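Chemist: Dropping the structure in here first, questions after.
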Amino acid sequence: MQTRNAFSWLKKQITRSISVSLMIYILTRTSISSAYPIFAQQGYENPREATGRIVCANCHLANKPVEIEVPQAVLPDTVFEAVVRIPYDMQLKQVLANGKRGGLNVGAVLILPEGFELAPPDRISPEMKEKIGNLSFQSYRPNKKNILVIGPVPGQKYSEITFPILSPDPATKKDVHFLKYPIYVGGNRGRGQIYPDGSKSNNTVYNATAAGIVSKIIRKEKGGYEITITDASDGRQVVDIIPPGPELLVSEGESIKFDQPLTSNPNVGGFGQGDAEIVLQDPLRVQGLLFFLASVILAQIFLVLKKKQFEKVQLAEMNF
């Protein structure tokens with residue numbers, strides 16, 4: 001009986017341990033996958049600074065292109081596509097957090113005019129849903145529905161991201177007007193070089209924090225290096241820690257200068273930003289334009305008919 005109770009207790013403990021381990025794994029995976037937008041969302045009230053710079057550039061230091069395509073004009077209460085393209089060489093591999101190589105992720109932030117927001121699912125057409133795929137967009141803040149973020153997502157599949165946008169209706173939103181509005185976009189591919197707290201990631205170059213002789217290089221068991229730099233004048237030693245990922249450029253016995261690169265720069269990604277303009281068009285203005293064009297066409301037709309009638313009269317008089 002005691003043996004059976006002990007076995008039952010051991011079984012419960014093993015099951016509990018497995019459940020806890022699984023929960024920790026899931027939570028860890030979730031925090032890593034959603035880290036990039038969270039860095040900006042937690043650190044900045046607005047992703048676009050007064051200078052026009054998007055804050056993602058503070059962590060992604062390399063400058064890369066990004067493209068945005070939107071309609072020239074849209075009508076009120078209409079769903080349209082904002083297509084963001086983040087081009088890069090699909091053959092490239094980036095340094096992951098563990099020092100290994102892997103594919104690049106991409107992410108984007110779309111800053112829309114006030115009143116514009118993510119289209120509700122029931123307003124999105126099947127064709128647009130197919131373009132969107134399995135992407136899940138979120139607002140930058142609960143009170144900033146006009147600012148949307150996405151990522152990180154696999155760059156191999158989503159280097160082109162389609163945002164479904166709903167235009168506002170000035171009839172129901174009095175602070176919205178029929179005007180031309182700017183749209184801003186930022187897009188990154190790959191991991192950043194600096195974390196929000198100012199510390200470096202392993203996806204950047206590491207420089208010497210002192211001048212002297214490289215007296216010792218220790219390769220760490222889990223990857224990375226400990227580099228001891230000895231000052232030739234007073235013997236003072238400084239140890240620089242290199243995380244797994246960057247390739248070492250110096251060797252023992254080498255004389256180095258302050259701020260000299262100790263490693264290569266493994267970064268193959270970067271961040272870019274751009275802008276576009278969109279007109280919120282008044283339907284009455286469109287109707288007026290169509291009426292004007294129709295009247296011009298009718299006037300041209302009547303003019304041609306009148307001219308032909310006049311020519312017939314002239315021809316009849318000449319024959320008479």
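Glycine is no exception: its Cβ is also placed from the backbone N, Cα and C atoms.
Pasting the feature list from Swiss-Prot:
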type	residues	note
BINDING	Y36, C56, C59, H60	heme binding site
SIGNAL	1-35	signal peptide
TRANSMEM	286-305	transmembrane segment
Chemist: What residues in the same chain, six or more past the boundaries of the transmembrane segment (286-305), come closer than 8 Å to it by Cβ-Cβ distance?
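Modeler: Contacts with the transmembrane segment (286-305): 75.
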Chemist: Starting from the Cβ of H60 (heme binding site), draw a 10 Å sphere and report how many other Cβ atoms land inside it.
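Modeler: For H60 (heme binding site), the count of other Cβ atoms within 10 Å is 26.
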Chemist: With an 8 Å cut-off on Cβ-Cβ distance and a minimum sequence separation of at least 6, pull the same-chain contacts of C56 (heme binding site), or say none.
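Modeler: Within the chain, C56 (heme binding site) has Cβ neighbours under 8 Å at A40, P47, G107, V109, G186, N188, F271, Q273.
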Chemist: Which residues does C59 (heme binding site) neighbour through Cβ under 8 Å, counting only same-chain ones at least six apart?
Modeler: F39, G192, Q193, I194, Y195, P196
Chemist: Three-state secondary structure of C56 (heme binding site) from DSSP?
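Modeler: The three-state answer is helix.
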